[in-house]
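Features of the protein shown, as given by Swiss-Prot:
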type	residues	note
TRANSIT	1-52	transit peptide
BINDING	82-118	FAD binding site
BINDING	246-282	NAD(+) binding site
């Protein structure tokens, strides 16, 4: 995806909260993972309910009388600051690791708890490599328990239910709160915090077209990638039996759509037909020219059919039989001079639209976070939520604007840089130092175009685009450097080097065979 990919998305699950310590995680977890294993997940995403805090005379937050008192998360130290981070994607995890890396006065080093509904951190820009077979799941989706083994960061696998912030009490001259507030989790846990970080991510927006929610495959999470891989494998087995071409429809020609089309067309080769649909008459409308041109060359060489200037009106089953897995997509022209048409597909991949998981439910109230129309928290330039000096927001949860007044894109590159500033500004706030305003540095954009192909347009050399195997190697190196923790980077680096050596030997053997056979 462009500039790395969008930040972490949370998928509902039925597990209760689990506190993972280093010893427990080592004893009970392994790093193995089967890509073909079934994931039972729903597409209904978690909602963040903002409820009115009931404050008594002493300034503490209480639960409403008609609710059962939740269990309180026990912090190890009652004196040191308490930092609760919601969301374990690029924004949340890297903020936690940044806090861990800073030098603290002994009595001020914060206790950090990270809450996420998944047991794994997902490096989303490389989900495409799961479809091409370039990477293993453990390489791009390590367990939090493994990543946090040698840190003081605690991990809770749970779902956020309610926020009860009380730092708004210190705004506009009112009494200053002695605590930041409380987070209620779906399992019944209550976390009292001094500082809160909102990094809840987003989910695919499938409810804009009839049939998309029920029939289309999003490509946004690890679970999505596994489902798509399983579906493609099923279609490949069917193709092997009857020789029928595999018809793939990709909705959207942004970075995600183009990367998917390039990866799948390479995987299927002459066994499949890939059609990419886009409302604009161009692909990658916001990308550098070099990336767009490189992508067009690859898509053309792999015979990807581009249906540009079309809107998807609806998605329907090809028949009323559940076992019939074909679909019809009704396309309406978004540009003059085009005619409506209906195309058929064996699988529909949806890559357009995302909605933040931070959602405001109450129209008013002193503790309601200020959200924009997209459901993102309004923040100041230090990444603090406006009106809530003890709450920071980043990634998909934040609506920070650049120097030109435009909202920053919700990419992993932005979240990665915001995490660095968020960690530092929490340090500064705890130590009574000035907070730093966030300044985004665009390092460029890169995308995968297949197993040995990619395109990179670095921002520091105008007009330069690295393509083909060189771009592919540079992209993997850049992402290797961005992986969390030195230990994980080392393990993945060794694994990728070994795979590269095996591929090189296989290629050499293939070339020698061709030479010896005279072909």
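Indices start at 1 and increase along the chain as displayed.
Cβ coordinates are placed from backbone N, Cα and C, and glycine is handled just like the others.
Note that this is a predicted model, so its numbers are computed, not measured.
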Mapped DSSP class for residue 251 (NAD(+) binding site), helix or strand or coil: strand
Just counting, how many other CB atoms are there within 10 A of the CB of residue 102 (FAD binding site)? 13
Taking the Cα atoms as reference points, how far is residue 246 (NAD(+) binding site) from residue 97 (FAD binding site) in Å? 44
Three-class DSSP secondary structure - residue 246 (NAD(+) binding site): strand
Rounded Cα distance in angstrom between residue 117 (FAD binding site) and residue 276 (NAD(+) binding site) is 32
Residue 82 (FAD binding site) to residue 281 (NAD(+) binding site) - Cα separation in whole Å: 51
For residue 266 (NAD(+) binding site), the nonlocal same-chain Cβ neighbours (under 8 Å, six or more residues apart) come out as 132, 302, 450, 451, 453
Measuring CA to CA, name the entry from the binding-site residues 87, 102, 107, 112 that ends up nearest residue 256 (NAD(+) binding site). 87
